[in-house]
Amino acid sequence: MASSNLIKQLQERGLVAQVTDEEALAERLAQGPIALYCGFDPTADSLHLGHLVPLLCLKRFQQAGHKPVALVGGATGLIGDPSFKAAERKLNTEETVQEWVDKIRKQVAPFLDFDCGENSAIAANNYDWFGNMNVLTFLRDIGKHFSVNQMINKEAVKQRLNREDQGISFTEFSYNLLQGYDFACLNKQYGVVLQIGGSDQWGNITSGIDLTRRLHQNQVFGLTVPLITKADGTKFGKTEGGAVWLDPKKTSPYKFYQFWINTADADVYRFLKFFTFMSIEEINALEEEDKNSGKAPRAQYVLAEQVTRLVHGEEGLQAAKRITECLFSGSLSALSEADFEQLAQDGVPMVEMEKGADLMQALVDSELQPSRGQARKTIASNAITINGEKQSDPEYFFKEEDRLFGRFTLLRRGKKNYCLICWK
């Protein structure tokens, strides 16, 4: 991405929701590299898909020659951002937040280049400047510059104040001041002149711009990326099992890959613009090819490959594709023990069983069948496979060789109904 028209290119991809003084920012970018930042609060032990667009936006700026600062909120994570939240957040302990800070910092690291000369990325933690600040300094040096009248009129806060059942604590109300001071600190320390974030962060970003101007007399800018929505109106980044996480221990690479494979046709080309580094021309060509092929579109597979490789690397992608292919073909010989562990984590329904169980009981316990009687009929009709092999004997008891790696047996009813037995 060329730096001179970077904002225009981001807009073409649908990646700009709001921007302050767009003309002045474009001029500043045209003058040469800048430093910019995006903040990630440790509200859990992993980032999720909602964090991916701003994180990739940092990467896009770095590829254009700019210096990204990834700020993990060791201090703000102790307070909690009230922006557009229906209720007060639960406060986590300092030990928990510090543990999450470490995990998120490691998670962010692979997306950015921390060793590439002038525009090497920087990892920062706002606990470094808030940890030892006393309340008098906070009120005199920061609080003095904020108008309560303006703060309560910010949309993110106003929504909470207007709810009869929920007010807002002073703790969460002060969050806006903390994030504003982050921008001022990073401007002074690293020359940061741009903050990016989700569109729900607009109020916090503009507060930081105003505070930086008051404290340092510097012009700085803000840019928000849109909160991603799906064409059918349902929430993006959620499955029946909850959020889709970037940590492979919370969402396996296989499950992550499948999430993208299941993208609706109405969303897929837009998501390619948001979540990949393919050019607009390549995405448009793929859309045209899919439209004229008369076959199932390729776009979902391209999207799943690109994003899974970005988040989980080549090894994670190949494991996800291998598991997908084996489940589709019914042949499990290519699967490793680690692949089965992914399936047990969240890939297919899983049931734990004691050794010595029979097939009918396994079908009932796994909820592949409602009763032993129904299980008997289904087995006899040749609709059950064990590790890809048909089994039509209703009196079948599992053998040692059915336990792959001594631990796993994969049952299938029909073509698509799976359950993984994990032997105790």
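Every residue, even glycine, has its Cβ placed from backbone N, Cα and C.
Annotated features in Swiss-Prot:
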| type | residues | note |
| --- | --- | --- |
| BINDING | Y37, Y175, Q179 | L-tyrosine binding site |
| BINDING | K238 | ATP binding site |
| MOD_RES | K144 | N6-acetyllysine |
| MOTIF | 42-51 | motif ''HIGH' region' |
| MOTIF | 235-239 | motif ''KMSKS' region' |
| SITE | A231 | site 'Cross-linked with tRNA by periodate oxidation' |
| SITE | K235 | site 'Cross-linked with tRNA by periodate oxidation' |
| SITE | K238 | site 'Cross-linked with tRNA by periodate oxidation' |
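Swiss-Prot feature annotations superimposed on the structure.
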residue	record	contacts (Cβ under 8 Å, 6+ apart)
Y37	L-tyrosine binding site	P68, V69, A70, L71, A124, D182, F183, L186, Y190, V192, L194, Q195, I196
K144	N6-acetyllysine	none
Y175	L-tyrosine binding site	T76, I79, G80, D81, P82, S83, N204
Q179	L-tyrosine binding site	G39, T76, D81, Q201, N204, I205, S207, G208
A231	site 'Cross-linked with tRNA by periodate oxidation'	A264, A266, D267
K235	site 'Cross-linked with tRNA by periodate oxidation'	T229
K238	ATP binding site	V244
Self-check item: the motif ''HIGH' region' (42-51) - residue tally per DSSP class, helix then strand then coil
Solution: 3 helix, 1 strand, 6 coil
Quiz item: To what whole number does the mean pLDDT across the motif ''KMSKS' region' (235-239) round?
Solution: 84
Exercise. Specify the secondary structure state of Y37 (L-tyrosine binding site) as given by DSSP, simplified to three classes.
Key: strand
